[in-house]
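The active site annotation in TrEMBL covers Y148. Look at TrEMBL and you will find N191 tagged as site 'Transition state stabilizer'. Sequence annotations record features per position, and here TrEMBL assigns site 'Important for catalytic activity' to D260. The site 'Interaction with DNA substrate' annotation in TrEMBL covers H318. TrEMBL lists H318 with the feature active site, proton acceptor. The region 'Disordered' feature in TrEMBL is assigned to 419-538. Marked as compositional bias 'Basic and acidic residues' by TrEMBL: 419-429.
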Amino acid sequence: MGNPIKIVSYNVNGLRQRVSQFGSLSNLLNTFDADIICFQETKLRRQELTSDLVIADGYESFFSCTRTKDKGRTGYSGVATFCRVKSAFSSTEVALPVAAEEGFTGFIDRCKRNEGLEEFEKDELVKVDSEGRCVVTDHNHFVLFNLYGPRAAHDDTERIEFKMKFFKILQKRWENLLHEGRRVFVVGDLNIAPTAMDRCDADSDFEKNEFRRWFRSILMMSGGLFVDVFRAKHPDRREAYTCWSSSTGAELFNFGSRIDHILCAGPCLHQEHDLQGHNFLSCHVKECDILTQYKRWKPGDSTRWKGGRGIKLEGSDHAPVYMSLEEICDIPRHSTPPLSARYLPMIHGVQQTLVTLLMKRQAATQIQSSRISSSFSDGDATIKACSESIKRSFNECSVSRPSTSPSCSLTEEFDSAISKRDENSKDLTDENQGCPDTTMILQSQHTKFVPAEGTKKKPRKSRCSQLSLRSFFQKSPNLSTGAENSSTNASPSQAEPNTSSYSNGSHAPGDKSSSPRHCQLNPSAGSQYQDKGNDGSLEREKNNVALLEWQRIQQLMRNSIPVCKGHKEPCVARIVKKPGRTFGHRFFVCSRAEGPVSNPEANCGYFKWASSKSQRK
């Protein structure tokens, strides 16, 4: 008696978005309660495989990413297989693969073609594996192919040829494994709806498509080797779809297609092969169904034409499908294959040698010591240069001093402050080293020795705090009346350079105005500050006018939107994105969700070009 196994296939339409939707990768995986989870269309490049997207406790993961440089294909497609295991090493669990392979041709992992593909050229094999569309995991009892089939428009001959080559090579690989007696499971988004029953709007020529004919040819009902597990379990179920157009809201009326499949081929695990009806499907497949609870639109959500247009629907445009197996016995002990994401360099890291580690540590120590020595040498040079500049500025100062004692004490205080560089180096050598900052600090010390009228200016709480712009346009209360008059009588040509070039508190070298009694700005700058305030009000007035004009244009656009003939409701505007003569043109369609023609609540099919020019084309 064996163990049950549950396999889930889900086109996530961006793994990063689904992880964000569920909060974490673990939450996303645990919602399925499955042993093997196969994701398609992960939309991750190799360099984007971070731990939060590939590593989850209790799971081993295997990724395949796009490698092509073709325009529009980078960061596109991609598949990933997650296996829930109790241990990644020395395990007997079937969910943990004994081998794993990125791609199916053999050229990605081994640079050598797999058996049975000799008839194909190397360039053909490399090309079909370059878009990250397959991960193969060998679980001893069966070989599992996680696939994301190519999509090809009916008029794109290049992609049609690529898609057909892709499935032809795959078929050869499957047939070779089955010839060896292996069981093969194929799960994923194959981008093929095999019969008219699997498509909402299938016409009489629907099943004549070459890919649908190929799909049916590999099934047992047409003489092939595979079983469409869902259709075998539910042969008469209609409207069983797994994909819906997200742009037209087709989920509301279940107007979609069944393109996500689970196929199986090979004998059952029992030894009595001669019993009547003894096959893998009847012996081991318990159930296969669609997990419709993962659809974007759920019952109770507001429809788009009844106020629900602004509601963001989270989720993929696909629904997962699952298969439950039973009586699957354990396999011999084995460990996780080398393809496991735990061994990726961006996750596991690259092992360093002991010599490399010691060399990096030695280099870091040398860099740190050189920084310390250079900071001390720069500090000495800065302090010496600034001390000379300060002494020279005070010697040239023409302001009369009431006595000589304050001057002497001031000079002594400067000399003592400069000599104690170890104590004051933190204040003098900050982020902006240089004489101007030091001169400003020492100047503030000088003001307490100069007689001043009125109240003294309050010192700042911190020397590192930033001055406000308004403070540069205010008079200092520490200056005498004579200094104020001399500063007021200064010509504008002398005041402007100090305002523009030394507004941070520093002074022009060699200028007598750098003295503490001549460092005030021109009072006329206050009017300039007032003019800037007037400019701000004018700018706000212009913005208000622009806003009103834009609202008027939007109202005109609303009035120009036509109403559909079926429901008499405003249409929605769309743009042609398909290359051609009408590329980029706008048109209007019915705002309701796409659905069956027989349903009056569905889209009525109204269409109108936004301009007569586009309509003539």
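Cβ coordinates are placed from backbone N, Cα and C, and glycine is handled just like the others.
D260 (site 'Important for catalytic activity') sits 7 Å from N191 (site 'Transition state stabilizer'), taking the Cα positions as reference. For H318 (site 'Interaction with DNA substrate') paired with Y148 (active site), the C-alpha to C-alpha distance reads 13 Å. Considering only the recorded sites N191, H318, the Cβ with the fewest other Cβ atoms within 10 Å is that of N191. Comparing N191 (site 'Transition state stabilizer') with the residue listed as 'active site', their Cα atoms are 8 Å apart once rounded. Sequence-distant neighbours of Y148 (active site) (same chain, 6+ apart, CB under 8 A from its CB) are N11, Q40, E41, S77, G78, V79, G132, R133, C134, G188, D189.
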